[in-house]
Structure formats: C-alpha cells, structure tokens
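Visitor: Dropping a structure here in structure tokens format, bear with me for questions.
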Amino acid sequence: MSLVVQKYGGTSVGSIEKIKNVAKRIAKYYKEGHKLVVVVSAMGDTTDDLIEMAEKINPNPEPREMDFLLSSGERISAALTAMALQNLGIPAIALSGKQAGIITDNIHTKANILKIEPKRILEELEKGRVVIVAGFQGYELQKGDVTTLGRGGSDATAVALAAVLKADICEIYTDVDGIFTADPRIVPNAKKLDFISYEEMLEMAGQGAQVMQLRSVDLAATYKVPVIVRSSFNENSGTLIGEGKEVETKQKVKGIAHNKNIAKVTIVGVPDKPGIAHKIFAPLGERAINVDDIVQNVSKDGITDLSFTVPEKELQKTIEAIQEVVKEIGAKEINYDNNVGKVSIVGWGIQSTPGIAAKMFGILASAGINIEMITTSEIKITCIIRRDLVEKAVRALHDGFNLGGEE
Ligand code: ADP
Ligand code: ASP
Ligand code: MG
C-alpha cells in the first residue's frame with residue numbers, strides 16, 4: 001500500500017461541480033488501496049477576491065488579520081471536498097493547517113514551515129480516512145496565530161507533508177498537463193516536459209513560472225521528494241520533477257521563464273567601500289523582502305550604482321526600508337522603475353556552453369528588444385527588459401531556441 005500526497009490547485013476546485021469531480025478522482029485512488037493525504041487550495045479566485053476586499057476596507061491591512069482572512073479560503077474547499085467524499089461513501093476528514101500540525105515562523109503572509117507534527121494525520125490515516133488538509137497555512141508557536149505561506153503556498157503544504165510522511169509520491173494537480181517549455185498561456189506551441197531536474201525547476205520557478213511555488217521546489221529538492229505535476233482534468237502522465245540530469249542532449253535550453261511582477265530599484269552614487277552592500281541589503285533581509293538580480297556597475301572615482309529587482313508589490317516597503325541607509329552611506333538617490341519585467345532561459349550547462357548567451361541576446365535584438373540588465377547563474381541567463389515586451393521576448397526565445405512541439 002502506498003502513501004500518496006495529492007494537491008489540487010484553485011482552478012481544479014473552482015466550483016461545486018469541480019469539487020465533485022475531484023472527489024471522484026480521490027475516491028478512485030482510495031479504492032485502489034492507497035493511503036491519501038489531499039491538500040486543497042482555495043476555490044478559483046477566492047484568495048484574490050479576499051485580498052481585494054481587505055484592501056477596499058483598509059489599504060494597509062495588518063498582516064496578522066490578512067492571514068486570518070486568507071486562510072479561510074482553503075478551509076472552505078477542504079470542508080467541501082471532505083463532504084463530497086463522504087457523500088460518495090468514502091471516509092474523509094478535513095483538517096486546518098493547525099490541526100494538521102504545520103508549525104511556521106511568525107512572518108505573517110509569507111511564513112516558512114519550521115516543523116510538522118503529523119500525529120493527527122497519522123491517526124486519521126490509521127482509521128482508514130482520506131485526510132483533506134487546508135493548504136497554504138500553518139500556525140506560529142508564540143501566540144498560536146494562523147499564518148499563511150505566501151502566494152501559491154499550497155504547493156509547499158503538499159511537498160512538506162510528503163517529506164514528513166515519507167510519501168511515495170507528491171502529485172500536484174493543476175490546470176495544465178505538466179511543466180512546459182514556457183507558459184502555455186503565452187506560447188501556444190510550448191511542449192510538455194516528461195522530466196525536469198530539481199535544479200532546473202528551481203530556476204524556472206525562481207524566474208517566474210508560477211506553476212510551482214518556488215519554496216515548494218526548494219523543499220522538494222532538499223528532502224528529495226519526487227513530485228509529479230499533472231492535470232486534474234485528464235489522465236495524462238504529467239511531468240516528473242526529480243534528481244539528476246537527463247541524458248546529455250545538444251539542446252541546453254530547457255525552458256523559458258518570465259515575470260512581469262517585478263520592479264527595479266537603483267541606488268545612484270554609492271561609495272565603493274567594503275561593507276556597503278551589507279548595509280543596504282540587511283534591512284531588506286530583516287523585512288523578508290526577496291531581492292533578486294543584483295547588479296553593481298564598475299565604479300568610477302570610488303562611486304558606483306547598484307541595481308536590483310524586487311517583487312513589484314514590495315516596492316514601497318523596499319524604498320522605505322533603505323531610505324535611512326542610503327542617507328547614512330552618503331549615496332546620491334534612489335530611483336525605481338516599475339515598468340520592467342524579466343525573461344530567462346533555463347537549462348543545465350547554459351553558462352558553460354559558449355554561444356548560448358550571444359544567441360539569446362541576438363534573438364532579443366532581432367525582435368527589437370533592448371536589454372537593461374543581465375544576470376546569470378550556472379543554469380540560467382536572465383534579462384531585464386520593458387514589461388510590455390516580455391511576452392514578445394518569451395515567444396521569440398522559444399522559437400529561436402526551437403523549443404516548440406506541434407501546434
Ligand atoms: P494552481 O491553481 O493549480 O496552483 P497555478 O495558476 O498556480 O495553478 O499554476 C498553473 C499555471 O502556471 C498554468 O495555468 C500556466 O499558465 C502557468 N505556467 C507558467 N509557466 C508555466 C510552465 N513553464 N509550465 C506550465 N505552466 C506554467
Ligand atoms: N490560495 C493561495 C493563493 O492563491 C494558495 C494556493 O493557491 O496555493 O495563492
Ligand atoms: Mg499555484
């Protein structure tokens with residue numbers, strides 16, 4: 001008998017009909033004799049709708065109350081999914097993140113899972129029940145308050161539970177057939193991959209492919225959880241995310257990722273001295289702001305410019321956080337630009353293969369796209385460009401590197 005953790009995303013449980021269908025799928029696995037822990041997201045756009053409501057009431061809501069509010073979305077779908085199963089005669093129980101024993105730090109709205117105490121889950125499994133866990137949430141130990149795990153956080157709930165329960169597999173059910181060479185909503189002939197390594201998926205997710213939350217991939221890689229991403233609407237086999245490289249092929253570029261929700265911050269006139277970068281980035285770290293794509297220009301007369309990107313919704317917080325230090329170190333000013341986006345090519349061996357970077361820049365140039373910043377890692381090259389050109393860039397690179405399948 002195998003233990004399987006399944007996660008159904010928002011679209012998959014987006015209506016009463018869809019919840020009933022998900023329940024039928026779960027019932028089928030249950031009857032095959034698997035032990036099942038099922039993580040569900042909030043129905044459809046519930047989380048977005050709740051955020052909108054909160055911001056209409058208070059433009060700057062307290063993160064604690066935000067978590068209190070947002071965690072309710074997943075409780076609704078967990079309860080309804082359990083009821084749908086019970087209606088099919090399958091024993092099931094819905095648990096909140098807290099009841100499932102998910103303990104986090106107290107960084108409200110983007111808490112990290114610290115530990116899971118799965119006693120209750122194990123007891124319920126022992127009784128032969130399907131355990132439905134409300135995704136995206138846990139609780140912190142100081143006050144026992146509910147926390148949420150950042151957007152897309154139900155993926156993290158599922159992978160973390162799979163790791164702790166030593167599940168045979170973690171299945172992420174979503175609205176596409178698996179991981180594609182690019183977002184299929186933007187590139188119609190994007191090809192589904194059968195396999196992608198943890199490292200490549202980390203870069204894809206880190207550079208914006210929202211199909212898997214970045215932290216969940218990190219957890220999967222750390223605890224070597226085999227993950228399958230597949231559709232909840234058909235029986236296709238999906239994509240395995242796992243260890244190791246595929247047999248070396250000539251094609252190094254595995255996929256194109258993009259992100260339109262970033263902003264670029266530039267600190268102008270930074271004195272080029274030891275310790276300055278630390279001074280600038282420490283306050284951002286303390287506020288748990290995700291800084292990415294840091295580029296420092298060559299200094300001239302002991303003065304340099306420093307640019308980096310942050311999620312657009314954290315731009316205001318970022319500027320507030322660095323205002324003091326910028327004065328203190330004697331830098332000239334802070335500029336920001338929230339009309340930027342980024343596009344990345346991802347794949348093993350990209351950095352060590354001569355010509356790939358040149359080819360990327362050539363493709364973008366031919367498409368008339370200006371590159372404003374470039375960052376690289378061992379398995380990715382990222383270009384910051386105008387936001388309205390991001391989709392064009394994704395399609396041009398996908399074509400240029402011949403990643404497409406049949407249309
Ligand atoms: P869920 O609600 O199931 O968690 P998400 O909306 O978070 O689903 O993620 C699925 C979406 O991710 C797809 O509809 C697709 O548009 C998008 N996506 C972006 N990049 C990729 C990619 N490389 N492969 C597959 N899907 C991708
Ligand atoms: N409902 C949450 C969100 O929309 C978590 C999730 O779907 O994974 O971000
Ligand atoms: Mg998601």
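Positions of Cβ are set from backbone N, Cα and C atoms, glycine also.
Got these off TrEMBL a minute ago, pasting:
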{"type": "BINDING", "residues": "Lys7, Tyr8, Gly9, Gly10, Thr174, Asp175, Arg185", "note": "ATP binding site"}
{"type": "BINDING", "residues": "Thr47, Glu74", "note": "substrate binding site"}
{"type": "DOMAIN", "residues": "265-348", "note": "domain 'ACT'"}
Visitor: To the nearest whole angstrom, state the Cα distance for the pair Asp175 (ATP binding site) and Glu74 (substrate binding site).
Guide: 18
Visitor: Once near-sequence residues are set aside, which residues in the chain of Thr47 (substrate binding site), 6 or more away, have Cβ atoms under 8 Å from its Cβ?
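Guide: The list for Thr47 (substrate binding site) reads Gly10, Ser41, Leu70, Gly73, Phe136, Arg151, given in order along the sequence.
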Visitor: Under a three-state reading of DSSP, tell me whether Glu74 (substrate binding site) is helix, strand or coil.
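Guide: Once the DSSP labels are grouped into three classes, Glu74 (substrate binding site) ends up as helix.
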Visitor: How many of the residues that make up the domain 'ACT' (265-348) does DSSP mark as helix, as strand and as coil?
Guide: 28 helix, 34 strand, 22 coil
Visitor: Would you work out the biggest C-alpha to C-alpha distance among Lys7, Tyr8, Gly9, Gly10, Thr174, Asp175, Arg185, the residues that bind ATP according to the record, and give it in angstrom as a whole number?
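Guide: Across Lys7, Tyr8, Gly9, Gly10, Thr174, Asp175, Arg185, the two farthest Cα atoms sit 22 Å apart.
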Visitor: Measuring Cβ to any atom of ligand 3 with a strict under-6 Å cutoff, which of the binding-site residues Gly9, Gly10, Thr47, Glu74, Asp175, Arg185 qualify?
Guide: Gly9
Visitor: Look up Tyr8 (ATP binding site) in the DSSP assignment and reduce it to helix, strand or coil.
Guide: strand
